[in-house]
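Input: a single structure, listed below in structure tokens.
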Amino acid sequence: MDPNLKGITGQSFLDDQAECSESDNSEQGCEESLSDLSDLIDNAECEQGNSAELFAQQEAFAFQEHIRTTKRKLKLSFRNPLQCITSQSNRSPGRAAPKRRVLDDSGYNEDILAEVAQVDENGGSEGYGSLASQSLSGQSQKNGKNRVNNGNKENIDCTRLLAASSHRAVQLAIFKEKFGISLNSLTRIFKNDKTCCSNWVGVVFGAREELLAASQTILQRVCDSIMLLTHTCKLGFMGLYLLEFKNAKSRDTVRHLFQQILQVENNDMLLEPPKIKSLPAATFWWKLRHSSAAFLFGNLPDWIARQTSITHQIQEDQPFDLSAMVQWAYDHNFVDEAQIAYYYARLASEDSNAAAFLRCNNQVKHVKECAQMTRYYKTAEMREMSMSKWIKKCLNEIEGTGDWKQIINFIKYQNINFLSFLACFRDLLHSVPKRNCLVIVGPPNTGKSMFVMSLMRTLKGRVLSFVNSKSHFWLQPLNAAKIAILDDATRPTWSYIDTYLRNGLDGTPVSLDMKHRAPMQICFPPLIITTNVDVAKDPTFVYLHSRLMSFEFANAFPLDENGKPALILNELSWKSFFERLWNQLDLTEPEDEDDGDPPSPFRCSARAAARDL
């Protein structure tokens, strides 16, 4: 036993050993902590690694999530162009293909995805990462081919339709390339092939050159003006026609005409009417007419000359002249407002004043004033003429010849002495007092109305109707008539005449009430009345017996086997009757009534006086 250990107790030994172990552990812990701190900073060189690819994948994934969210909001069909960038890019489970797909509208979805899915095949995409784009190039091309094949199967009918309609687009493009202007700028569209027009523009493709040359001569038979210019194009020979036909024709007629002459199909022709009120279109055709390569026949169409000629432009600038319109209506015997408006509007292409009339905003006012002025002139002219002059004027307006014996045979057929009738008719025309009214009485169907109405049309008389007797103005037509007819007078009519019109039947002046005017002093013109009431034998109207010349038509009007009149009573018959019995009726020749001066035509416009020949 060690002497140094003598006197050491057990408790002190344990304490000493415990202190030694604690000191050893603390030193060892310090050494370990120093070794850990020394490895905190690594000064060795670091390699780059694949951080760029990781960043590109993260950006692509974020962009794909943004696209998916946008499509969900817009309710677009889901199409993922980046299928396998990462396993996280296709989180949505696959859906079963629908049994029937609805065609997309005009490529709206494809435009959005096409901008996102475009990848540069040579250098890759810097935004999405070149490595990922290159890895998907093979699969995207394969999927693209499948989509193209499916699209061709679904849209095969649409492709054929577009191919058929594109033929016209190709023709229009060729025309614009050759002439530098669109065909639609020169023509207006007729939707109906049956609509007729005198002017047509035709563009023919693929016709043979010799047929185009032959059409220059063949079309002259049906056209007043021809303009033809030929060119060569990828479809063959192209011919541009501007035609003005003698008669208006429809598109079907013109197409059939070109098919016979040029031997071309329907889809090889473009046929439309020209824009006749377009100054650029008129200028184009005017310049084309002065081209050395153009074939010309006839004069320049009026609608081109009207817009390109200075003379025509000056005429169009002239204001409307009412006196010229009144002169036209007077020369053509138009007094009806509807006829004046219609026929004068038709002259707009020929008369500059008629064209100015159509440009006016108050056409109704001009028409009413023109009709009123024409009636004034005609009435004054009629009053100035004697009965002989008036009959001669009316007969000159009737063309043709008739048989005067038809009237004589009809009078004899009614058992009337012709000489007695002729004497009364002569007094009637000269308005002899107390012999100013001729009455034809008889049963129905004896030809009374036919006899007097044919005379009324010959002498341009007026008709009175007792149905208007409640009006104060029902006798107003007598103011502007050389002869008047009152057909089928009944007993109330004779009672009215016996009460109010005795002086009128005498031929003396009476006061006639006029609408919107003061009463006028006039003498009744010769009056012819037809009736079924025998006034001459009725004592009730005893005061009318001396004022009436009465003849009875007792026999029914003769008819032939076919039910047509056996005797012809018309204007030609009366014309021949007056010419034959002119002297017997004491009618004088117009030359005998003049003072020797040559008659001059009536002129109511301010136009220049015609030079004497």
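From the backbone N, Cα and C atoms, a Cβ is placed for every residue, glycine too.
Swiss-Prot annotations:
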REGION    1-31  region 'Disordered'
COMPBIAS  16-31  compositional bias 'Acidic residues'
MOD_RES   S77  phosphoserine
MOD_RES   S92  phosphoserine
REGION    128-152  region 'Disordered'
COMPBIAS  129-152  compositional bias 'Low complexity'
REGION    150-317  region 'DNA-binding region'
DOMAIN    413-566  domain 'SF3 helicase'
BINDING   G442, P443, P444, N445, T446, G447, K448, S449  ATP binding site
REGION    588-613  region 'Disordered'
COMPBIAS  588-597  compositional bias 'Acidic residues'
## Note on the structure
Those same-chain residues, other than G442, P443, P444, N445, T446, G447, K448, S449, found with Cβ within 8 Å of the centroid of the ATP-site Cβ atoms are T530, F553, A556, F557
### Query
Among the binding-site residues listed here, N445, T446, which has the most company in the form of other Cβ atoms within 10 Å of its Cβ?
T446
## Note on the structure
Restricted to the domain 'SF3 helicase' (413-566), the mean pLDDT of the model is 92
### Task
Return the residue, from the listed binding-site residues G442, G447, with the maximum count of other C-beta atoms within 10 angstroms of its C-beta.
G447
#### Entry: Which listed residue (P443, P444) has most other Cβ within 10 Å, given these are binding-site residues
P443
### Query
On a count of neighbouring CB atoms within 10 A, which of the binding-site residues K448, S449 is highest?
K448
